[in-house]
Amino acid sequence: MTKGIFPTDKFRDTRTPFYYYDTELLRRTLKSINDEAARHDGFVVHYAVKANANPKVLNVICQAGLGADCVSGGEIEAALRAGFPASKTVFAGVGKSDWEINLALDKNIFCFNVESIPELEIINELAARKGTTARVAFRINPNIGAHTHANITTGLAENKFGIALEDMDSVIERAATLEHVAFVGLHFHIGSQILDMGDFKALCNRINDLQAHLEHRHIRLEHLNVGGGLGIDYHHPNRVPVPDFKAYFDTYARHLKLREGQRLHFELGRAVVGQMGTLITRTLYVKQGAAKQFAIVDAGMTDLIRPALYQAYHKIENLSSQEPPETYDVVGPICESSDVFAKAVDLNKAHRGDLMAIRSAGAYGEIMASGYNCRQLPAGYITEDF
Ligand code: LLP
């Protein structure tokens with residue numbers, strides 16, 4: 001019985017909407033990641049902080065020993081505050097500002113994932129001023145399409161991310177002329193919510209070609225970083241609460257030709273935190289329309305923007321009713337017609353006050369919340385808070 005997985009009685013007096021993070025599931029997920037990655041030499045897993053930076057969640061992830069993947073100075077600060085060591089922190093992003101680069105240099109992070117020559121030159125200049133050397137990996141755009149939503153595919157030539165394949169050699173040559181950067185690896189990321197292992201295999205093949213090409217030029221890489229992207233099962237959060245990390249890591253182990261002593265870094269976000277998070281919201285009104293009925297809930301697109309922004313599916317359950325199902329459009333209170341969580345879904349008959357669970361919302365949920373309509377940001381609670 002799926003409703004049993006939530007402490008619904010304890011939710012009753014809590015102000016809604018809020019995010020509920022199931023730390024038992026999070027720990028189980030992290031154990032699976034660690035177990036499966038440990039079966040392969042040189043695999044190093046970072047958590048992509050952008051998916052969820054709730055301090056309590058970060059703390060659990062950091063305790064499991066993962067490194068951090070950050071895309072802003074704020075994320076670096078959040079990761080370090082939660083306890084992630086700087087020596088396991090990488091910093092990516094197409095537009096790093098000077099203060100962010102300086103912060104990363106001061107903290108002596110593991111590596112910058114660099115996306116252009118102008119950025120490389122600024123990192124070199126800022127590192128020179130501090131009398132230090134920045135370790136850099138180049139983010140290469142592998143021109144591989146992932147089978148996912150157009151807004152979250154990143155590895156195509158048309159995307160703003162990374163350095164074009166044909167420019168890789170000249171960027172490496174440029175780095176060799178700069179005294180305050182040390183070129184140590186290559187970085188890739190082809191997209192998010194990827195469930196077809198063939199996409200990752202295609203990335204492996206591309207990387208093998210690039211490595212062979214660089215070796216001809218006597219360039220050896222200390223590490224490779226293949227980003228994140230492993231998807232979750234939004235339709236079956238109960239049946240598949242933990243993603244198939246075995247298939248994921250095995251794909252890389254089988255297809256990517258790692259050199260002796262070379263390390264392979266991963267930056268997983270959604271697969272780590274997606275399934276353990278649920279947006280809990282209260283039904284305000286059940287409204288009968290001409291052709292349909294609406295369950296109007298107190299969460300809106302300001303709390304979880306994924307359905308409005310990406311037409312993303314999130315399974316919804318009525319936690320308070322056992323009555324026979326009826327069909328509803330579940331909508332929020334925001335003054336936008338796109339403030340819809342789901343259309344024509346079957347839920348146990350809804351009443352004012354019923355608690356609804358919007359599932360698989362641990363990744364890119366709370367962190368993407370906004371204050372539009374002068375709304376309060378949703379709270380985030382972990383199991384131990386109840
Ligand atoms: N590494 C890099 C360089 C990335 O750009 C991303 C995600 C990740 C790692 C983590 O990817 P993941 O393992 O979570 O797929 N807001 C969108 C997803 C945006 C993903 C951005 N980059 C959503 O709600 O679906």
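Heads up, the Cβ atoms here are built off N, Cα and C, so glycines get one too.
Summary of the site annotation: TrEMBL records pyridoxal 5'-phosphate binding at GLU267, LEU268, GLY269, ARG270, TYR364. Screening the candidates GLY191, GLY198, GLY229 against this entry identifies GLY229 as the one listed for that site.
Just so you know, of the binding-site residues GLU267, GLU336, the Cβ with the fewest other Cβ atoms around it within 10 Å is the one at GLU336. A distance of 17 Å separates the Cα atom of GLY269 (pyridoxal 5'-phosphate binding site) from that of TYR310 (substrate binding site). Neighbour count (other Cβ atoms within 10 Å of the Cβ, all protein chains): 9 for CYS335 (active site, proton donor). The CA atom of LYS50 (N6-(pyridoxal phosphate)lysine) is located 14 Å away from the CA atom of ARG306 (substrate binding site). Among the recorded positions ARG306, TYR310, CYS335, the ones whose Cα sits within 10 Å of the Cα of TYR364 (pyridoxal 5'-phosphate binding site) are ARG306. Under 6 Å, Cβ to nearest atom of ligand 1: this is the test, and of the binding-site residues GLU267, LEU268, GLY269, ARG270, ARG306, GLU336 it is passed by GLU267, LEU268, GLY269, ARG270, ARG306.
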